[in-house]
Amino acid sequence: MSVSVHENRKSRASSGSINIYLFHKSSYADSVLTHLNLLRQQRLFTDVLLHAGNRTFPCHRAVLAACSRYFEAMFSGGLKESQDSEVNFDNSIHPEVLELLLDYAYSSRVIINEENAESLLEAGDMLEFQDIRDACAEFLEKNLHPTNCLGMLLLSDAHQCTKLYELSWRMCLSNFQTIRKNEDFLQLPQDMVVQLLSSEELETEDERLVYESAINWISYDLKKRYCYLPELLQTVRLALLPAIYLMENVAMEELITKQRKSKEIVEEAIRCKLKILQNDGVVTSLCARPRKTGHALFLLGGQTFMCDKLYLVDQKAKEIIPKADIPSPRKEFSACAIGCKVYITGGRGSENGVSKDVWVYDTLHEEWSKAAPMLVARFGHGSAELKHCLYVVGGHTAATGCLPASPSVSLKQVEHYDPTINKWTMVAPLREGVSNAAVVSAKLKLFAFGGTSVSHDKLPKVQCYDQCENRWTVPATCPQPWRYTAAAVLGNQIFIMGGDTEFSACSAYKFNSETYQWTKVGDVTAKRMSCHAVASGNKLYVVGGYFGIQRCKTLDCYDPTLDVWNSITTVPYSLIPTAFVSTWKHLPS
């Protein structure tokens with residue numbers, strides 16, 4: 001057909017109306033790939049040879065460059081390989097693995113199994129087949145097990161597979177007694193073994209296992225690792241070891257007695273141990289701080305919204321046990337734990353008067369005492385522990401000239417309490433006043449999520465307090481405007497759940513306290529407004545709350561490794577939870 005014939009046809013077809021037919025054959029891409037693969041197998045039009053091990057693979061540069069940035073850069077840049085007709089991988093990649101990658105490039109399909117997943121992930125990352133790397137990571141996530149999680153931790157760390165790393169890490173923490181016996185544990189790099197043994201979420205109730213694991217890791221390559229002994233000893237909660245074991249086994253260990261710094265660390269732990277046994281003042285040293293599995297969970301509640309009792313939550317027996325009456329029943333207070341003590345701040349009493357009182361419950365001696373009152377009476381506020389001190393954030397106070405029950409606008413004021421001197425001081429105020437916000441501490445900072453603003457709206461902001469700079473910033477916004485939510489911390493992740501809307505009441509998110517990024521996690525088992533949450537070990541626990549006229553009757557547990565919520569036990573119908581805290585528990589020894 002000549003050009004003139006086509007032009008004549010165009011002029012005849014110009015009737016002024018638009019008549020278009022878009023033809024699309026959905027199977028076209030697959031048929032092209034199939035034919036390209038056939039051409040490859042017949043070595044037709046191939047223009048490059050890939051060598052791996054003792055095998056050679058003829059390929060088309062254009063196909064490789066289209067599915068791999070590695071090959072695109074190699075063939076289009078000024079590298080020597082851009083002119084060469086051969087690329088030699090030698091033994092850096094197994095020929096069977098390269099064959100699988102090439103089959104995927106020419107077919108968009110690959111079979112991933114337990115035998116090839118790790119090698120495919122490594123090769124996919126090396127040659128920048130990102131889809132393959134991600135698919136292998138997803139496969140390995142679904143096949144995580146206590147026997148392989150250490151290997152997956154190392155693999156995901158080397159290849160920046162974030163989700164696989166996080167899940168592997170959580171499984172390592174949850175299965176410490178299994179992984180410590182694994183050969184992979186002894187081969188962990190120094191920074192990773194320190195991070196693991198020092199973690200608050202490491203699940204062990206016997207610090208002897210942590211100590212023995214540290215010594216075993218050092219002894220595995222004593223010549224190179226002996227210098228790390230002081231750092232590893234500091235990961236062990238030495239003052240929580242049985243006294244006889246600490247003084248006869250640890251203090252007499254030859255590796256320790258021969259190293260001055262290590263000897264000093266153990267001597268300090270012995271001093272802390274004696275203070276604990278003799279009840280001689282507050283012990284705040286890290287060596288005496290229980291991990292979260294060594295924490296006790298306490299629930300505060302009553303038969304009405306007026307809270308009058310403190311309960312112990314027995315996680316093993318799945319029971320809620322009454323422990324003590326609260327000296328001054330109240331509602332809309334905040335509760336926070338520091339060490340072995342529970343601090344109850346503010347709230348409203350039976351006469352609806354707003355309180356600045358602070359009551360302290362010592363869980364070891366099972367007795368109440370009164371601390372110095374806050375500077376501002378408040379209710380509907382949040383509280384959190386940071387560096388062994390207590391912070392109260394926002395809330396309401398009684399409005400001047402109004403009935404005691406009439407609230408002021410949401411407060412900006414933030415107070416700091418030092419239990420060693422029993423004194424309150426004001427610190428930098430919030431950027432925006434809030435009440436009913438979720439307040440927690442993570443990575444040496446305070447965070448306030450959402451809440452009711454000064455204008456009585458739901459605030460969609462994350463406010464963050466830096467103690468060193470004594471100032472608040474707004475580093476992020478919430479996925480939705482929030483109030484009446486609960487928050488708890490696992491590592492650098494802050495989990496937020498519940499709320500006062502149909503959607504937020506059943507939703508849960510996690511917030512990275514370092515990158516300020518949000519991720520949606522599995523929904524809670526029931527809609528919850530004004531629920532309460534704590535972390536214990538490597539899990540989250542949520543209790544209380546209501547939605548409409550429906551009260552939530554279960555204590556639920558979230559496993560971040562599985563992204564699953566389960567109901568642990570039923571809360572007595574006569575008990576309305578008002579607060580939920582996690583304290584240290586020093587086991588007698």
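Note: Cβ is positioned from N, Cα and C throughout, glycine not excepted.
If you check Swiss-Prot, you get these features:
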{"type": "DOMAIN", "residues": "46-114", "note": "domain 'BTB'"}
{"type": "REPEAT", "residues": "296-340", "note": "repeat 'Kelch 1'"}
{"type": "REPEAT", "residues": "341-388", "note": "repeat 'Kelch 2'"}
{"type": "REPEAT", "residues": "389-444", "note": "repeat 'Kelch 3'"}
{"type": "REPEAT", "residues": "446-492", "note": "repeat 'Kelch 4'"}
{"type": "REPEAT", "residues": "494-538", "note": "repeat 'Kelch 5'"}
{"type": "REPEAT", "residues": "539-585", "note": "repeat 'Kelch 6'"}
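In the domain 'BTB' (46-114), the DSSP tally of helix, strand and coil residues is 31 helix, 13 strand, 25 coil. The domain 'BTB' (46-114) scores a mean pLDDT of 91 in the predicted structure. Tertiary neighbourhood of the repeat 'Kelch 1' (296-340): same-chain residues 282-284, 346-350, 355, 357, 359, 361-364, 366, 368, 379-385, 388-390, 392, 395, 419, 439, 532, 534, 536, 541, 543-544, 555, 568-569, 571-572, 574-586, selected by CB-CB distance under 8 Å and a gap of 6+ residues from either end. Taking H, G and I as helix, E and B as strand and the rest as coil, DSSP gives the repeat 'Kelch 3' (389-444) the counts 0 helix, 24 strand, 32 coil. Helix, strand and coil residue tallies for the repeat 'Kelch 2' (341-388), in that order: 0 helix, 23 strand, 25 coil [DSSP].
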